[in-house]
Structures are given as C-alpha cells and as structure tokens.
Amino acid sequence: IVWITVAILVALFSVQRFGTDKVGYFFAPVVILWLLLIGGVGVYNLVKHDIGVLRAFNPKYIADYFRRNKKDAWISLGGILLCFTGTEALFADLGYFSIRSIQLSFGFGLVPSVLLAYAGQAAFLRKYPEEVANTFYRSTPTVLFWPTFVLAIAASIIGSQAMISCAFATISHSQALGCFPRVKILHTSKQYQGQLYIPEVNFLLGFAACVVTVAFKTTVVIGEAHGICVVLVMLITTLLLTVVMLLVWRMNAWCVALFFAVFMASESVYLSSVLYKFLHGGYIPVVISAVLMAVMIVWHYVHVKRYKYELERTVSPDKVRELLDGRDLRKVPGVGLFYTDLVQGIPPVFPHLIEKIPSIHAVLLFVSVKHLPVPHVDMSERFLFRQVEPREHKLYRCVARYGYRDPLEEAKDFAANLVERLQYYIRDVNLYGVDVDAKAGKVSYPSSRCDSMARSTRRSSMTMTMQQHYSSASYTESLVLARARSTSSGATGRMNMNGMIMMPSASYTERERQGRSIYAEEMMTPAESFSELAMQVVPSGRYAASSQQLFQAAKMSLEEMAKIEEEQRYIEREMEKGVVYIMGENEVVARPHSSLLKKVIVNYVYAFLRKNCRQGDKMLAIPRSQLLKVGMSYEI
C-alpha cells in the first residue's frame, strides 16, 4: 500500500507541468461524482438506520459531550478537526476561480454533501457501534463498495492537488514581494493568469511527500501533522483578518472585538488539543515551516541591506556628467538597458562599468522592475519615465511595474514595449511641457495624456500603423495642431484633467450631448491633412480669428515638432541596431567587523541560496548573446 501510494504521488506531481486547468478537466467530474455519492450514501443510512441523529445539530449536545467525557473529549478535538480540513486552502483558489463560484460550490455542493455523509455514518454507528474503526466503508452499501473505493482514492488525489496549487500561488506571491529566492514560474494558462507551475517547488514538494509517506507508513501520524497545520493556518487567518477589519475596512471596534473573541477562543481550544500530540507527528509541519521561514528571513534581510547599500552610494549628477564628458568615453551604437533595483539615483555599479569599459550606448535606460502588492498593473500604467541629466547623452530612467500575478514578458517583447512607451514620453514631454524637475528626483509618466492610454494595445498599434501608411499629412503637422489646440484658449478648445482635448467642431454639441470626449489620439489621424483638421476646428467664420491664432502658433512650433520627430526616429534607428542588457553581478559579503552570526548568514547561507537559485537574467529571459554582466562587491 505504501509503495502504491508513492507511485500515485509521483504520477500526480508529474502531471503538474501540464497546468491546473488541464488537470482540472479530469478532476471536476470526479469531485461532482464524489459529492453526490457520499451525500446519497448519507441519506440512505439516515433513512435505513436512525434519522433521529439529526438532533445532533442542537448545540446542547456539545456541552453534554464535554461534561460526559471531560479530558478525552478535549483530546478528541484533534480528530474532529480533520472533518473540515481543506477549508484553509480556499484563499489559494481565488487565483483560479471567481469568488462567486467558490461560494456557490462550497455552500450548495460541499457543505450539504459532507454533513449528510457524517450524519449517515452517525446513524449507522447508532445501530453498529462496534464498526467505529472503519465506519465509512462499512456504512457503504455492498454494491457501491468498489465505485466508492476508486472515487475515494481519486478524491484524496484531488485534495493533494489543492495544496499543490496553494503552494505554487504562495511562493509566487512571496517572490514577487522580495521575500523568497528566485525560482522559475511558468504560467500554464493563457486565459487564467493565476494558474502557475514552479518546477523547483514541485520537485521538492513531491520529494518531501514521498519521504513522509515511506517514513510514517500510516495515516495516523500524517493526520496529526495535518491537524496542527490546519489549526495554525486558521489562527493566522483570524489575526490577519482582524487587522484588515480594523485598518482597511475600518469596522466598528466592538464588532471586531466580538469576531476576534469568538474565533480566537474556539481555534485556541483546537490548537491546545493538537499540541497535546505534538510529538506524535505534529512537529512535521512546524519543522518545515521553520526552515521555510529561515530561508525567507535570510533572503529578505540581505535583499534590504543590499538595496540600502546602493541607495546610500548613488552617483551624484555632477559625477555622472564628469564621467560622460570624459575624453576616453566612446559612443556605442544601439540601446542599452541597465537593470538596477534603485528607483531613483544612479547605482554605484555604473561608474564601475565606465571605468572598466569606457563606452556608453547611444541610448541608455536605467530600468528598475518592481512588483507591487496588487494583483495586476494595466499596461497603460506599467512604465514610468524620466530623463537623466545631461540630456544630450540620451539617458533615461524607467520603472517597470508589475502586479504579483502579472507574467514577465520575453526580453525582446519587453524591450519593444519599453521603447514604444519611451517615444510616447518624449513626444508628450515636449508637446505638453509635462515633466518634473530633475532636482525633485521624482518619476513621471505623462504619456497617458496624448496616446489615450485607457485604450487597448490593439487600438494603439492600429493608430501607429495608420501613421506609417498614410502620407497626406506629416506627423509633425499633427503634433503642431494638437499643441496649438491645447495651448489656445477661449472658443478654440479646452482640455480636461484626463488629458482629453475637447474641440468646438461642428459635431461637438452632439458629442457633448452623448457624453463623449475627443481624445488626442483620435484627432491625430494622418488620414486627415493639416487643412482638413483645421476646417474641423473652424467650421465657420465665427472662429476665423481663433483659426489665425492657431495657425500662427503652429508655424512657430514647427521647428520644435520636427526636433521631437527626429528624436523619436533616432531612438528607432538605435533600436534597430540592437539591444544590450546590462546587469550588475554584485557579490554581497559581511563587513570584517560584523558578528559571527551575520557573517554566517550573509557569507554562507545567502551565498548558497543565491548560487543555487535562478539568476536575474534567467528570470527575465535575457538571451546570453545580448547580456553584459558587471561584477562588483558590496560590504554590508
């Protein structure tokens, strides 16, 4: 039986690479059949043996049970706890299913079936109390024994699948928040982003499951281990939910106190019961949790220390200018993406690179990839840009923001999206004058003003295709007109806070009546010539004076618009010459005067984790032929 169980576990962990959705296609019918079967058998036992056991739903019998059995009743709570195990994994299912689907399946499928099954077994035991050791199969009708046996094995496999999916989701979120070493995360579904597969975690979890199965051989010890795991998760959930109710939902303090008192009291009683058998298997999840927590604490501690080290040693603007104005510095064609953890400031590894290799790319971007504590970040809000002084060297800072459920693109797609948004940024900063003071050190993203970022990527790419296809009006003229419109006053036009330019054209009254505004992207369609666009703005002699002012402003800005277009084309040309990804290969060591514990943690434990986990270039899927690593030592 033990080795058959091991074979089933190996098969279960082997199919994880195909994705939860594909595994679920097989599991879903099995779960439905299982719930219908145990519910039907429960009804059969109630009707056949003793329907009077339904009186057990009266809470009075709880008090009678404890008064009659005293200490034995308290010890038995550890076994009773196993009746509702699995509910602690519901939070992980939110990454795979909607809240409503979980509520419906739990309330109208799982709960009634389980209650009927346990009530039916109680009715059977009223008549055959000597069969208490094997109540489930003894209470099943003989003709249904083998179907029940097969479905029971399948249901236990499905229960394991729920915990595997929970492990993948938890590790993914922890890594996104910088609390876990880098591991390879694969998104197995194009439709559902929350469905993940982590090869390293899958292997370690499968190996641990097989070791525990072979070592303990029976479900008695494993059941004790499961019980303490479940009750600890419930306690932690109660504590965290109390914090959320106070700080996020801002509920009445008395209601929160009542919730905390009721749930914490009942869960503490269960915890005391399972701790009574701590040495009989309850220590297993505690030991595993302690190891995982140690790994997470070490990784997060060094990660924060390294970040502070870089932040305290950022390169000053004067030093950057001195480095870039050096006579030996050579311009290299192409675009360079310099990855750094810093959101502001130039990392100390940059001057180290210039000293060792006195060259710089024609366009250089300091890229910082950040995972925010939110599920998703829309593509329109993903990139934040700011130009770095001195401006003549085409240096930019970019912050790429992802939610903890957002997948990272391939390096090629990432670079293409980044450069496209950079062109929008250059256009918008010069067109609307929306930028930040370099001394303020803040990052801005004004391109949502001009390219209607609320629209889909398909719409944006379609507009760019039209701009390349049509030649009846130049891109510069379109920009001039948009700028003249945004800067003109009175009846010529107005701009709202969302960056939408609202024009007094012939159809303006109708659009206003429909509650629709005209986006700048809509008005800069190259299919319309400069004069045609002007005619839309000035449909009659009523706006003749405004029209002359608009054209005068346009002529004055033609040179500036041509400069913007040339800068954008310059970046496109450099992009075509190639992209090089630059990463700092920083070795982190403890300072010589540090304590022995700190030296062990930083020099050995962290170094071991970093060496045996995935490197940043692999996480970002950067081709090795385009990768440049710069080595440097940090003493923390």
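Even glycines carry a Cβ here, placed using N, Cα and C.
Curation plays no part in TrEMBL annotations; they are all automatic predictions.
Taken from TrEMBL, the feature domain 'K+ potassium transporter integral membrane' covers 2-319. What TrEMBL records for 333-463, 567-636 is domain 'K+ potassium transporter C-terminal'. Residues or ranges marked as transmembrane segment by TrEMBL: 27-47, 73-92, 104-124, 136-156, 201-219, 225-249, 256-276, 282-302.
Counting C-beta pairs under 8 angstroms (sequence separation of 6 or more), the transmembrane segment (27-47) reaches the transmembrane segment (136-156) with 3 or more such pairs.
Each of 136-156, 201-219, 225-249, 256-276 was scored by its Cβ pairs under 8 Å to the transmembrane segment (282-302), and the highest score goes to 225-249. In this model, the domain 'K+ potassium transporter C-terminal' (333-463) carries an average pLDDT of 74.
Within the domain 'K+ potassium transporter C-terminal' (567-636), the DSSP-based counts of helix, strand and coil residues read 35 helix, 20 strand, 15 coil. Among residues of the same chain six or more beyond the transmembrane segment (136-156), those with a C-beta under 8 A of the stretch's C-beta atoms are 8, 27, 30-31, 33-34, 37, 41, 44-45, 120-121, 124, 128. Sequence-distant contacts of the transmembrane segment (256-276) (same chain, six or more residues past either end, CB-CB distance under 8 Å): 74-78, 81, 224, 227-228, 231-232, 234-235, 238, 241-242, 245-246, 282. The list of residues near the transmembrane segment (201-219) in space but at least 6 beyond its ends in sequence, with Cβ under 8 angstroms from a Cβ of it, reads 2, 5-6, 9-10, 12-13, 16-17, 160, 164, 167-168, 171, 183, 225, 281, 284, 288.
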